[in-house]
Structure formats: structure tokens, C-alpha cells
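As given in TrEMBL:
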- B:25-43: transmembrane segment (TRANSMEM)
- B:55-77: transmembrane segment (TRANSMEM)
- B:89-110: transmembrane segment (TRANSMEM)
- B:116-137: transmembrane segment (TRANSMEM)
- B:144-163: transmembrane segment (TRANSMEM)
- B:183-204: transmembrane segment (TRANSMEM)
- B:233-254: transmembrane segment (TRANSMEM)
- B:266-282: transmembrane segment (TRANSMEM)
- B:289-308: transmembrane segment (TRANSMEM)
- B:314-334: transmembrane segment (TRANSMEM)
Amino acid sequence: MSPTDPPAIEVDRVSKWFGPTRALDDVSFAVAKGQSRALLGRNGAGKSTLVSLITGIARPDTGELRIVGEPLHGQDDRIGCVYQRSSLIPAFTAAENVLIKHYPRRRGGLIHWRELRERARGLLDEWTIGDLADEPVERLQPMHKKIVEICRALVSDPEVLILDEPTAGLDKSDTARLFALLERLRERGTTVLYISHHLEDVFRVCDSVTVLRDARHVLTAGIGDVTMAQLVEAIVGEQPPSAVTRPPRASEAPVVLSVRDVRVDDRVGPVDLELRAGECIGIAGLEGCGKATLARALVGLEPRSGEVVVDGREVEPGDVPEALRAGIGYVPEDRHVDGMVSVLDVSENSTMALAPRIGRRPLGFLPRLSRRADLDRAYAELARQWRIVASSPRQLISELSGGNQQKCVMARAFATDPRLLVLVNPTAGVDVSAKASILASLSSALDRGAGVLVFSEDADDFALCDRILIMIRGSVVAVLDEEWTEADLVAAMQGEAA
Amino acid sequence: MIATPTTESPPRVLTRVRGVLKPSMLGQLAALPAIVIAVLVGSQLNRAFLTVDNIMTNVLAASAVLGVLTVAAALIIIAGHFDMSTQSVVAFAPVLSVWLVMPAAAGGSGVELDPVLGLLLIFVLGAVVGAINGFLVAGLKLNAFIVTLAMLILLQGMTLGIGGGETLSNLPEVFTYLGSARWLGIPAEVVVAVAVFVAAGLFMRYTVTGRQIYAIGGNPDAARASGIRVERITFWLFVASGVLAALAGLLMTARIASVTASQGNNILFTVFAAAVIGGIDLRGGRGRIVGVATGVLLLALVQNILLVSQIPSFWVNAIYGAIILLALMTGALAQGSWLTRFRRSPHAPQPAPDRSGDDR
């Protein structure tokens, strides 16, 4: 390649605003032809905005994107993208999915199925899965589905291939096999933009990195010129050490949770831990490490093996009502999926777990009636405690801000005064003040003698934790139990000893 | 991999056979064994059952309306929607057309529209109803089930209002032709219905638009991401459904040589039963037109057997319902969906990679 060749992709002084929020601020970098470039940054640093600009879903407010020297306008065949979320048609065969944008046709315009199968088989064969061409993709393993998506993205022979977290949901051996296959991209001379939270992976498959932080470009370097520590620092920036605000717990407090040899299929485990009253343990790991799966298994939403004892009572796997009766309060990973009923009002949402207790039995034996007046009274108390801001108890929860929604979900989990709180991403998508009040309520629950498990990857969520277990690909690999900084945490989640 | 011809030839035949009889197809054609049983039972009950004439006129021709409507329903269901209004179009389109054609003395409007224009009008009315449904569903994003249910009630009411509940007979020949004509000795209705099946089957299998309809029903987000014009295709699907319903209305009018506001009433349940027995997945994205044909054929055979058997007429519907339930259960068994449903623990999500643990 001569030095005058235009780069495969050039991001030139690009800025993008979403309303008052600056998503990208004057970002410039270029990737030479045939390079594998990692694009790194925390959630919200601007990576996904940049991807949506490159794939043509959105347009930059100022600046320009160029592909091999030519400006990019809208969606373009010169860009291929493999999204983190599967975009395959489940009932179609692998072959049809690969050629879904390029059906081979006969002269009359009808689909030429034999040619479709043969062409797709050839493409899939390059990635060693030609024999799966006629299988519906819903029956394929996660890694094979990923390969089908990669093949589909490569059909139009793009100049640039974007891989967005391609290893999410894959186990260790599949990840290794996928990396071996990704070597083929290098042989083909395809330029790759690789987005990942796993720095370890980046060092294995990329030859250069670009780091974004707070919407700005902070670093571009060859992979040999940076260390893991330098990358972590570029990603998180300067952070003060976390202030440990609570004195260490007395070790004589009763055990509220003991977990022994818990496994979920081969995705998680074995996990062992012991949590005492008034103690807070964090479980930190990147997306896909299995921490949310572990949390779901503890409350019975996921089948598991091993022993879970809550407050001296053994909990059967897969039995949610039993787990809740044993004294678990649960705040799920994504409130929109299983945290709240968006068509119900704030009062009903917050008191859902309380309803059976405050309902009255008419004549002593009829089914409990839950009266709105009782629920609203209970809600008023919760709203005061949690500072939930709603126009009335009857306002729909979907009309509230994210912070107030999360407070309702938290209030419900805390309302029954549980012995054990299992919180997943407790402050995801909430503003700073809501974050502070959620942490304050957490602190008072600890003072009342509850045990708390916090599952998250956000350093702020661990402010109250006595120790943090680090989870990587389904197993606990390290413990942070002294003073730590965000950089320590991020490095630990990458598998680097702090 | 390259194999020598000698070792290759026998397995090749086998892979061919396996290619045709894929397990996914067993579910589609689950009605086939039931059809065989129905034919055996029918021929035992009545010697006249297994004659060309009975099969042609009393089984196939009698189920032409059901067949055309089931194709319409299948297309919409594959795309992930429902169209309940087709049943009302079966009455509405012919009643309004005939009313405009017939003189006032014969119960018509007195406009005395040209009969050929009246014939065309039936299809135009079907297309208009479909376009309204399509606009409400694809354009305004309203729920198809409720939209088309409301349309069903509206059109049934309008049909009753127009005709005043009267039956109009002595229709011009263009309206009744298909009911009595035979082409090459085959009832014209059968030819029309088979043509609809073949055209729909080829369309869904061999055109890009047909495949895109499956994609829309199977994963709308992915369909949109691969550049499919989801709204436009959905709109035209509802138009097609309306036109097919109008065709079904014409077939029914031709068959009974009259129009009445109640024609087509209650056929909707049979339509959905035939579609599901034929392997159409109500969640969208799955099912084949070949399967639909077997579903329709099975129900047509059962209906005919119940007619020729000595079962008291008051009990026919109950038995018909029971047989539909049975067919649905065997279909589910053949697809193996029972096993997987019971094996999975109630709360565990399917181990799909896009919902694995922490992924959001």
C-alpha cells in the first residue's frame, strides 16, 4: 500500500448532538486499509453514536465521514455491520439469512433456490460451517449464528466491517474459536472496526485502538504502543479513589445468605459466597459475564444447581414465590423488561409485593380484597420514604422519569422489609440526584440489618460495598476488598490483577 | 469435500429424500395422515363418498370459498397480523354490487349498474376495505386484530342495512357463472381456488417480496434492519387479503346463485382452524401454503363425511369442533412442540444468545 492511498475510513471533525446532549464532540481519526481497529470507551462515551453515523442510520451535525476517500451519505453497501443483538430471521435457513439482501434470481425474477444454497454454502464453507447451510438459524449455536451474521455482512464485499461486541454471550472456547476465524478477515484484507468492552480480546485481534471518553476522542495508538493500564486510564480518565463511607461490619452478625456451589448450566459457576446481616457485597463484571444470570438464579428465575440458604432456610431452585417468602427483595436488570408493569399506575406498581399483606379477607375466609385506599396509603408512605415524584398515586409509571421509575421498583423490593436484597444495575439510566437517594436508601436498609448483593459494572453502584467479587465469563476470579479506584475495578473486570 | 462417484451416488439419493422430508416439513404436513384416515372412514361410511363426482363437487368445489379465505388469512398471519374482516367482505362486496345492479322491482337500488361493472366493483370494494385496514395497521400502527374486528362489525351492519336483510336472487349470469361452469370437466370454482393456492404458494416461495413477508413476521426489527419496507408490504398484504375475500364472496354468490347479508357468517373460525391445522404459526413468520392446502382439504373432507353420515344434524357442529381440536393436537405433537414446552422450566427464558444473561 502506498502512503498516498486514502484510509478505508476517515472520521473528520465529526460532532453530533441529541437535543441538549453532546454525543460526539469534534472527533477525528482514520483507519488505514486492512487494519483492525478497536473502538473503546465506557457506556455513553459515544461509541454507539459513532456506529450509527458510520452505518448511515444517523447523520453527523458537523464534519464528514469518508470511505476510501469518498464521502458517506446515508446507508451504504461499502459498510457491513454485525450488531450485538441478533438480526437474523429465526425460521430461515442459514443460507437464506446470508443472502437475504441478495437473493439470486432466475431470468423471470423468481428466486433461484439452488444457486442460493450453493452460493451461501460456499460463503459459509470459508468459515467452516458450510454443512449448516440448510439448518434454520434458530437451531444453531450462538457462535454459528454470529458467523452467519458475519457472512451476511461480507456478502456485499464491504470496505469496512463493524463488529459490535461479537463475543457477547459466547463462552470461552467459542470466543477462542471465533477469534481464530476472525484471522480470515485479516487475510482477506478487510478493514475492521471492533467494538468491545473486553480489552483482552482487543489485544488479541486488533492492531490499533481508538478511545472515546465523554464524547471526545482521547487516544489513537498502535496496539504495541500501549499497555493495558494506559488503555484503562484513557477509558476512565482521572478518578479519585472511592471513599469507603461505612465502617467494616462486625463478623459476628448472623449469615443472611449462604451460596454453595451454585451453577447455571455451564454459563455460570461454581459460585460460593456468604453474606452477613448489614453487609454489602458487590458482584462486578462486564456485560455477558453472567452476573445477571446469577442474580436471576438466586431468585428462582433461572434453573440452577447447588445450595442457596436465605436466613437459615434452604430455597428450592426455580421457585420464585418461595424465594420471595424466604425474604429476598429483587430489583431486576432491566426495569422495562421485568421490573414494572408500564400500564399500571405508580401506586399499584410500588405496592405490588405488599398487596397480599394489606389485603383484608371479608368474613374471614373469602379471597383477600385489596382496596385502593389501603394501597394508596401504603404508597404514600413509600413515596415519602423514597421521594418518588408523581402527580398522583394514579399516574401511570410509564409517564415518570427513569429515576422515579427505578425508585418505584426499588421501593417495591424494599417494602416487604426483606432480609436479603438482590439488586441488578440499581442505578442504570437514572440521574445523579436519583442515584444519591437510591444509595441513601440502600445505606439505611443496611443499617436495619439487611444483607445486600449489588450486581453491576458501574463503579458508583459499589460505593457501599464491603468487598467486590469480580466475575469473568461466569466465574468469580478476584476479590477487591480494600480501597479501590475505578481504574482498579475496570482493570479487574478485564482480568488484570489490580 | 470431494467424494468418489461410487461412494457418492447412494447417499446422494438419501440426502435428496432427507432434503425433501425435513423435520420442519412434518409439522407443515401434519394433516396428511388425518386426511388418509378421513378418506378411509368416509369410504366405509358411504359408498358414494370415494367417487370423482363427490370429491369434485361436494368436497373440493364446496370448499373453494374456505380455501381462498384461508390463503388470505395465511398471508396476513405469516406477516404477523390478523384480518378478521374477510368474513364480512364475503357478504358486503357482492351484496352492495348486486344491489346496485338489480332493478328496484327485484329488490335492488334501481341504479341498474352494468353487470360487468358490478362484477369488477366486487373486487374494487374488497381492495378498498383492505386498503383501509392496511392504512390503519401499517400507517397508524393500530392493532390489526381490533381494527379488522371493528371493520367486521361495521361491514356486517352495513350489509344488513343495504339489503334490508332480503335475499336477492335471479342474478345476472356474470355473478353465477363460476358456480355452474365446468372447465375441462372440472368445476370452475375448483380451478379458481387451485389457481389461488398455486399462485400464493409460488409467490411466497419464489419471490423476494414473498420471503420478505416471512421475514417481517419472523423478526420485524431484523426485517427493518435489512432494508425491507415493512409498512409498504403490510399495506399491500391487507389489500390482497381484501381482494381475495371479495373473490371468495363472488364464489359464494355464484354457488348459491343469490346474495344474502348472512353469507359467510361464522366461516372465520373454520378459516383460522384450517390455517393452523395446515401449519401456519399464529405468531407469524412460519408456515407454508402447501400446508394450508392440506388443512383446508382435511376440514372439507370432514364436513362432507359428517353430511353423508347418519349423524343427527344437531350434533354435526359439536363433532366438527371436536375433530378440529384433535387435528390441532396431533399437529402440535408432530411438530414436537409439546415436548419442548413441557421440558423447559416455566420461568427460564429460551437460551437465545440475544437474551443471555446480561445482554440488553
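Note: Cβ is positioned from N, Cα and C throughout, glycine not excepted.
Note that this is a predicted model, so its numbers are computed, not measured.
Here the transmembrane segment (B:314-334) sits apart from the transmembrane segment (B:183-204); fewer than 3 CB pairs are under 8 Å, leaving out pairs fewer than 6 apart in sequence. Between the transmembrane segment (B:266-282) and the transmembrane segment (B:183-204), fewer than three CB pairs separated by 6 or more residues in sequence fall under 8 Å, so the two stretches do not touch. Remark: the transmembrane segment (B:55-77) contacts the transmembrane segment (B:289-308), by the rule of 3 or more CB pairs under 8 A. Here the transmembrane segment (B:289-308) sits against the transmembrane segment (B:183-204); at least 3 CB pairs are under 8 Å, leaving out pairs fewer than 6 apart in sequence. Same-chain neighbours of the transmembrane segment (B:89-110): 65, 69, 118-119, 121-123, 125-126, 129, 155-156, 158-159, 162-163, 166, 168, 170-172, 175, 242, 245-246, 248-250, 252-253, 259-265, 267, counting only residues six or more beyond its ends whose CB sits under 8 Å from a CB of the stretch.
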